[in-house]
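**Q** Grabbed the feature section from TrEMBL, which reads as follows:
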- Lys162: active site, proton donor (ACT_SITE)
- Gly11, Ala12, Ser13, Gly14, Arg15, Met16, Gly101, Thr102, Thr103, Ala125, Gly126, Asn127, Met128: NAD(+) binding site (BINDING)
- His159, Gly168, Thr169: (S)-2,3,4,5-tetrahydrodipicolinate binding site (BINDING)
- 7-128: domain 'Dihydrodipicolinate reductase N-terminal' (DOMAIN)
- 131-267: domain 'Dihydrodipicolinate reductase C-terminal' (DOMAIN)
Amino acid sequence: MSELPGIVITGASGRMGQMLVKTVLASGKARLVGCVERAGNPWVGLDVGQAMGGAALGVTVTDDPLEAFAKAQAVIDFTAPAATAEFAALAAQARAVHVIGTTGLEAEHHARIDAAARHAVVVQAGNMGLGINLLVGLTRKVAQALDADWDVEVIEAHHRMKVDAPSGTALMLGQAAAEGRGVSLQEARVSGRDGITGARERGTIGFSAIRGGDIVGEHDVLFAGDGERIILRHVATDRGIFARGALRAALWGQGQKPGRYDMMDVLGL
Ligand SMILES: NC(=O)C1=CN([C@@H]2O[C@H](COP(=O)(O)OP(=O)(O)OC[C@H]3O[C@@H](n4cnc5c(N)ncnc54)[C@H](OP(=O)(O)O)[C@@H]3O)[C@@H](O)[C@H]2O)C=CC1
Ligand SMILES: O=C(O)C1=N[C@H](C(=O)O)C[C@H](O)C1
């Protein structure tokens, strides 16, 4: 019988990194073969199990991503945009599937990910959970059915440590609404109103972000008409949903052709 796919987790000491370590170990479907952190992170050089407060796992956290990726069939990466763009090239060099959960990616990062995806499998999504990916489809459908008399607002709430806004998920939902309407999100997007904003411009898609406490992730897509409102809502209560989705993507990616994929591909939606 062939060995289970080997997984490397980048940003292993982070909120998602630790959840991913636990998820891979519990899955019985993959092996944890490496953990990466940046140079200077206090976990570098420690056994990841002990760093997490448990028993040794025989996996030492390294600050050398290429050495770690060379042993892996997949890299699961929930870190920061600049790091992810670097990891994309290294994962492609190692021919490992690169699963990207990092949000806040800008055009320059996407260009580097696209370049890597010419040589290796990349799965990238602002949200790896099943529920949100279903909600994306519903949002597109509802937006398609309604005209611009219905104002679209995406409202998201996250924990106090989140560094990017709007969330990657909010942007996925906004993109789905724009596609449903047949407009460009770049042109329709309005974020963070403050002061004398003037009346709402017809056809725009608004974004509002709340940050506080330990909120895992909450997203509403509001369609506000005259005399009625439709609210599509998703509430995440456990980061395990993102980690399980990412692991599923890493397994799905084995044997796929090089290219760029998202969770819709993985989930068959
Ligand atoms: N797509 C999805 O489903 C989801 C996406 N996310 C996204 O995942 C990302 C991480 O979130 P979260 O875990 O909460 O954040 P954390 O800040 O808790 O973790 C990020 C980790 O990445 C590490 N890191 C940063 N730069 C590097 C580098 N160059 N090399 C190695 N490690 C690095 C950080 O190390 P250090 O502490 O030393 O900086 C930290 O350990 C965010 O972009 C978030 O939005 C989160 C949940 C779900
Ligand atoms: O930073 C987070 O925590 C999350 N980030 C993702 C996003 O930006 O949408 C996904 C999830 O909502 C949690």
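In case you wondered, yes, glycine gets a Cβ from its N, Cα and C as well.
Nobody curates TrEMBL annotations by hand; they come from automatic prediction.
Because the structure is a prediction, the values reported are computed rather than measured.
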**Q** Which of the listed recorded positions (Arg15, His159, Lys162) has the least company, meaning the fewest other Cβ atoms within 10 Å of its Cβ?
**A** His159
**Q** Tally of helix, strand and coil residues over the domain 'Dihydrodipicolinate reductase C-terminal' (131-267) according to DSSP?
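**A** Computed counts for the domain 'Dihydrodipicolinate reductase C-terminal' (131-267) are 51 helix, 37 strand, 49 coil.
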**Q** By a 10 A CB contact count over all chains shown, which of the binding-site residues listed here is most packed: Ser13, Thr103, Thr169?
**A** Thr169
**Q** Going by Cα-Cα distance, pick out whichever of the binding-site residues Ser13, Arg15, Thr103, Gly126, Met128 is nearest to His159 ((S)-2,3,4,5-tetrahydrodipicolinate binding site).
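**A** It is Arg15, whose Cα lies nearest.
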**Q** Can you check how the pLDDT averages out over the domain 'Dihydrodipicolinate reductase N-terminal' (7-128)?
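**A** That region's mean pLDDT is 98.
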**Q** Tell me which of the binding-site residues Gly11, Arg15, Gly126, Met128 ends up closest to Gly168 ((S)-2,3,4,5-tetrahydrodipicolinate binding site) in space, Cα to Cα.
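**A** It is Gly126, whose Cα lies nearest.
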**Q** Using the structure shown, find which entry in Gly11, Gly101, Gly126, Gly168 (the binding-site residues) has the sparsest Cβ neighbourhood within 10 Å.
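**A** Checked Gly11, Gly101, Gly126, Gly168; of these binding-site residues, fewest Cβ neighbours within 10 Å: Gly168.
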**Q** For Met128 (NAD(+) binding site), just count the other CB atoms lying within 10 A of its CB, please.
**A** 29
**Q** Ligand 1: which of the binding-site residues Gly101, Thr103, Thr169 have a Cβ closer than 6 angstroms to it?
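**A** Checking each Cβ against ligand 1, the ones under 6 Å are Gly101, Thr103.
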